[in-house]
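Residues or ranges marked as domain 'Major facilitator superfamily (MFS) profile' by TrEMBL: 31-473. The transmembrane segment feature in TrEMBL is assigned to 77-97, 104-122, 128-151, 163-184, 190-209, 286-305, 325-343, 350-373, 379-406, 418-439, 451-469.
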Amino acid sequence: MLPYQHSCASNYLLLTVIHRTSWLVCAPQTSLAMAGPCFIQAGIGIEFTCSTIIVGALASDKSKDVLPPLTDEQASWLGSFLFLFTPLGSALSSLMLNRFGHKTCMILINVPFLVSQIMLFYANSVGTLYVCSMLMGLSVGYSGGPTSAYIGEVCEPKLRGALMSVTNVFYYAGSFLFTLIYAFTLDWRLTVLIGMSIPIVNIVILFMTPQSPMWLLTKGKSLKAQRTLAKLRGWPSQETGSSKEFKEMIAFTSTAVHDNDDIEKDEKGATSSWGQLLRPEVYRPFRLLMVYFFYANLMSGVQYGPYLLQIFTDFGAPVNVEFTLAFSVLLSTIGGILTIFFISKFGKRFLTLSALLICSICYIMIGLIGVYWTNSKPLTAWLVLIFFLTTIFLASFGIMPIAWILLSEIFPMKSRNITCSAGTAFGYLMTFFMIKYYLDFSNFVNFYNTFTIFGISGLFGAVYFYFYLPETENKTLQDISAFFK
């Protein structure tokens, strides 16, 4: 998140968003705990936007950069390499999370991110751009398990959905400020240089971030877990041990570690986390999450992401495409902020169904207008642009943020670390294929027909979620896990 150069600015923004909402009241330590994941999300927003800016900057023969203009093949690889390497980052995360804990793993997220930004600034070949995209993919993939699990474990049930939405706001804000700086400078290398401040500031914040109480309990550090929970909730330490929440944490983590009836064993008798994927309370929410990720990507236009500058040009509206890109991300930021206010009132199920239906209709309208209404170009150009920006806003309001909230809360404790990492890996691998082969698909069916096809697919998704998506808002992790058994 570009302009936030100091940790105090991050905490101020976070506290302002939270405390101005009457139903969000949390201790200062909770705000500090959320600051690290928020900056991680801002960094992910920058990493996702890098390819869009670089592909757009190097797409023209008029580019004055030392790098030559990119071909369609090179652009598709640059835009998708990040998502191809996220599964590797997720795998590394799942192997290290139980041993080192959420805090250490969140610090490590920033290392490949910082290295990639330094390499991008000095890049003089397309191969270097590919390597940078791979490093950003490792960083993004590594972030999924630690941050999602951490937020799910340190937040109170009634605040978990809203606070997870706050992190998504930082994701969109990071993207917006990154694109806005590029719109003013028109220099992608200078934009990348400014973006290097994010991982540096985040590392400083994370050194002050408390560890997850649940993780401390799994390591037998009950007294430290009690003190940490007291700070997170703003309670006197002596009252924490008798609190209902702490007792539920003890019972929940004890079940995760010691319940032989619920945990499969490997040949040596050690707990097998991978074996948990075969249990109904794990594979059912995992299946739901994969379907949700697919439609979240589809309706939020992830497949169009690296090519947005060219897509805005193809729409034909008389606008500055660089500022239109920044404005589209601003709409996403506003949608993410609105999610904080409305998710507890309307619930995840209603927001998902309504946003998915409207986005699907907008996509279908774009496709029909682009193919069949071609004799009023200025009017149709504005219409398709407005419909497209509407889908960007609604997807950030009712679909994409909820996907990551579900990731943090629908899995049982005993398998959450591995399933959060695996869910993130499969979600990003899905994104890789959608981006890599979008240009081939668009050339095959026609640019505007892609919108019609995606819109019709979204209608089928709405039917699926109507029958299979439960309401998880204001439910404890235990209640959610019990639903899928």
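Just so it is clear, glycine is given a Cβ too, placed from its N, Cα and C backbone atoms.
Annotations in TrEMBL come from automatic prediction, not curation.
Residues 48, 51-52, 79, 277, 311, 352, 355-356, 359-360, 363, 388, 391-392, 394-396, 399-400, 402-403, 406-407, 410-411, 419, 422-423, 426-427, 430-431, 434-435, 438, 454, 457-458, 461, 464-465, 468-469 of the same chain lie 6+ residues outside the transmembrane segment (286-305) yet bring a C-beta within less than 8 angstroms of a C-beta in it.
With pairs at least 6 apart in sequence, the transmembrane segment (128-151) and the transmembrane segment (451-469) have fewer than 3 Cβ pairs within the 8 Å limit; the two do not touch. Counting Cβ pairs under 8 Å to the transmembrane segment (379-406), the stretch among 104-122, 128-151, 190-209, 350-373, 418-439 with the most such contacts is 350-373. Mean pLDDT for the domain 'Major facilitator superfamily (MFS) profile' (31-473) in this predicted model: 83.
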